[in-house]
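Engineer: Let me begin by handing over the structure; questions about it come next.
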Amino acid sequence: MASQTLVVFQASNQSQLPPPNATLCDGAQEAWHLLHKVLPTCVVAICSGGLLGNLFVLSVFLVPRRRLNAAEIYLAHLAASDLVFALGLPFWAETIRNGFHWPFGAPLCRVVNGVIKANLFISIFLVVAISRDRYRALVHPVASWRRRRRRHWAQATCVLIWTAGGLLSIPTFLLRSVQVVPELNVSACVLPFPHEAWAFVRTVELNVLGFLLPLAAILFFNYHILAALRGREQLSRTRCGGPRDGKTTALILTLVAVFLLCWTPYHVCAFLEFLLHVRAIRGCFWEDFTDLGLQYTNFFAFINSCLNPVIYVFWGQLFRTKIWELYHRCLPRKLTAVSSSRRKEIFQIFWRN
């Protein structure tokens, strides 16, 4: 999924760049050395997994020539968002490896960071939309729209989400620039704030619009989803279509839990950065903790983009069924000596949890 920044260097000189001449807390230099040495390799590995995994997920959703239902539309868009985000990771890895030197020029500085910023919002807004769709299907099944209307609503919602992500990333596209940082002897891709008030605006945008409000909606929807599942467990076993709905809901609940686990530490560190900027907290410990924390929690958030395909395969029984459908379509007719039912039985045994 998306990250707010590759490198942040504000006009006030508060940054994620390591301050070389400042007095560091014990162990900070070693922590920065470890970051420059180990993190780029890990990011490249995550990039590879994210690209391959999300391409596979999209192929499973889009190759079969049939209409996707509402839940599948949202999940396909989430995979597309993760895929676009993963494309920006090699730039971040190379920047860390070079000690925060940006060798790719100003246009890519704006484009790469703008796309990553947009996908931060797109990913969490999609998780909200997915949770809301399950909420309507399970908590208000009678009032839930017909399948066709739900599909159209899902398509329109995804268009609005991608548009909102693009609009919220406009300041990044406009303000990002490559500037010389004499203290580090590098030309860094930085985000200089034109006014001190921008620090507050950025915090509202990132932590409130990009996390707290969506988090409240996600918790609300999923609390009621879990309550509905507990109250209707017996009914779901006998109702036509119940097992399919339950499988989809289990997959989505897992995606939501992993998403929050990966992204919450980053937003905590981003808020601490704001507190440092306004001098609400001070001191060597908080500066080093926040600067290093933003880098490492960025990496932890990156893991989400390659974990989602793994969740689809190992927790999503419905997704595995779609893989079987794709396999059945692509299977050469010459191999029909084994009965279709037998091949499906073998395939299901292979994927059994």
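A Cβ is built for glycine as well, from the same backbone N, Cα and C atoms used for every other residue.
Not my notes, these are from Swiss-Prot:
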TOPO_DOM  1-41  topological domain 'Extracellular'
TRANSMEM  42-62  transmembrane segment
TOPO_DOM  63-72  topological domain 'Cytoplasmic'
TRANSMEM  73-93  transmembrane segment
TOPO_DOM  94-110  topological domain 'Extracellular'
TRANSMEM  111-131  transmembrane segment
TOPO_DOM  132-154  topological domain 'Cytoplasmic'
TRANSMEM  155-175  transmembrane segment
TOPO_DOM  176-207  topological domain 'Extracellular'
TRANSMEM  208-228  transmembrane segment
TOPO_DOM  229-251  topological domain 'Cytoplasmic'
TRANSMEM  252-272  transmembrane segment
TOPO_DOM  273-295  topological domain 'Extracellular'
TRANSMEM  296-316  transmembrane segment
TOPO_DOM  317-353  topological domain 'Cytoplasmic'
LIPID     CYS330  S-palmitoyl cysteine
Engineer: Based on Cβ pairs under 8 Å, which of the stretches 73-93, 155-175, 296-316 lies most in contact with the transmembrane segment (252-272)?
Structural biologist: 296-316
Engineer: Other than its close neighbours in sequence, what residues sit by the transmembrane segment (73-93), given a CB gap under 8 Å and a spacing of at least six beyond its ends?
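Structural biologist: That would be 1-3, 6, 39-41, 43-44, 46-47, 50-51, 54-55, 57-58, 61-62, 104, 108, 112-113, 115-116, 119, 122-123, 126-127, 129-130, 133, 151, 154-155, 157-158, 161-162, 252, 255, 298, 302, 304-306, 308-309, 312.
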Engineer: Can you tell me how the residues of the topological domain 'Extracellular' (273-295) break down into helix, strand and coil by DSSP?
Structural biologist: 17 helix, 0 strand, 6 coil
Engineer: May I have the DSSP-based helix, strand and coil counts for the residues of the topological domain 'Extracellular' (176-207)?
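Structural biologist: In the topological domain 'Extracellular' (176-207), the DSSP-based counts are 11 helix, 10 strand, 11 coil.
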Engineer: Mind checking how the topological domain 'Cytoplasmic' (63-72) divides into helix, strand and coil residues in DSSP?
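Structural biologist: Going by DSSP assignments, the topological domain 'Cytoplasmic' (63-72) contains 3 helix, 0 strand, 7 coil.
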Engineer: Any residues 6+ beyond the ends of the topological domain 'Extracellular' (94-110) with a Cβ under 8 Å from its own?
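Structural biologist: Distal contacts: 6-7, 17-18, 35-36, 39-40, 43, 172-174, 176-178, 181, 184, 186-189, 295.
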